[in-house]
């Protein structure tokens, strides 16, 4: 007799009702007055539940249309949704407008009170998510900013740009930053390790570079991709790096040996984005061929394959529990996938154009998306109704990596439903009312000051610059006090009407155009002067040659 197999435990609800006798195969206890699963309100009825009973004088509970769940789609009518069901759908909290071009990156601070965004308008912004929302724009990059991320503790901010640099910012009113130079082409992404000690950057120069945050210098580079590298991420334990490239490969790197230990090839297209799940046992890749794939890095095999978008997938983000995955696509939608059931559960609309980035907050209670329309949409999760600390207590093997892996790690509990035509719940909020009730937050522009130097990777010696962490720790109280007081004063002093703000933005745009025009004219004048000098020199040579011949 071999050892007994562990029972397949389902998710544990927040308030388990031990007195209720009925339980379904999905693990949820039935409500006292209904014999059908609570999940059936947003999804098809689970197997093992009793057939639905028609309500007296009303429609069947299990026959509710998706439009009745939460808010109506496109202003359509329909029966009123039950309150418990409405609270399960994701809700748009507010749109954040301030960027003048596409939003390329989104990152929450550790306390979820701040949100950092990057844009093709060469700036990054920090949004203070309070009742009176304020935005602070940081200007310093010379070209488009391609990604941004808060450090795990929230004391630093990293950004990458098409100007071939990576910047480390202290998110305060002074706009202090340092520049890390080393790439020879546009930097596509930058990401902190989970302990905040290191940075990894991916570039169009086909390389991946790892930087020390404390010493602010290049540690080493990884070369094996044969095309542009679009993304690179640390594993939760920091021992591995996942990268994806336009050479149609997703590679796993060992940071200790500095070698590539595995490679996943996708012949259908290349991956725009790749990241580890919270347990570090698998990676998800967002494909240009409209697909999302989950790979097991221990067994080196494809686990799940989703084709739910109509255009390329640009980004994915794991919920902290690891049970949900949200995707952003060029088809203008966000999709939420239930990895345990292996199916699509929500389709979110709202962006007017491609959605370029999406990210969950640290606790998973919120997520934010950025699009080509220049908008940042802030959402409340709601669909996650479980306390995952309790789940992890009952699924203790999830947080301890073993070989072979436990079946509950990532495999869906139910059969894959990709071939069946199951309609997901669609959330399509209207912005007409939101625009009139929630004005755009005022934006304070902060120009970067190189507080702790411009750092090159020409030397691997320990440079005599104060480390960012030391600088941030030593001046933490002072900078926090000054920034809070300065921002408080700014909040008090600034009271600009929307029309005046729009006029000022138009003036700034015209000044930018004039500056660009002047720079182009200066270049043309310089070229003309050089050509005139060459003509004069050639004439003098011809005259001298003529005199010598005479």
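Note that Cβ sites are derived from N, Cα and C of the backbone, with glycine treated the same way.
Of all ranges given (442-466, 467-491, 492-516), TrEMBL attaches the label region 'Disordered' to 467-491. The DSSP breakdown of the repeat 'WD' (96-130) into helical (H, G, I), extended (E, B) and coil residues amounts to 0 helix, 20 strand, 15 coil. Per-residue pLDDT, averaged along the repeat 'WD' (306-347), amounts to 94 for this model.
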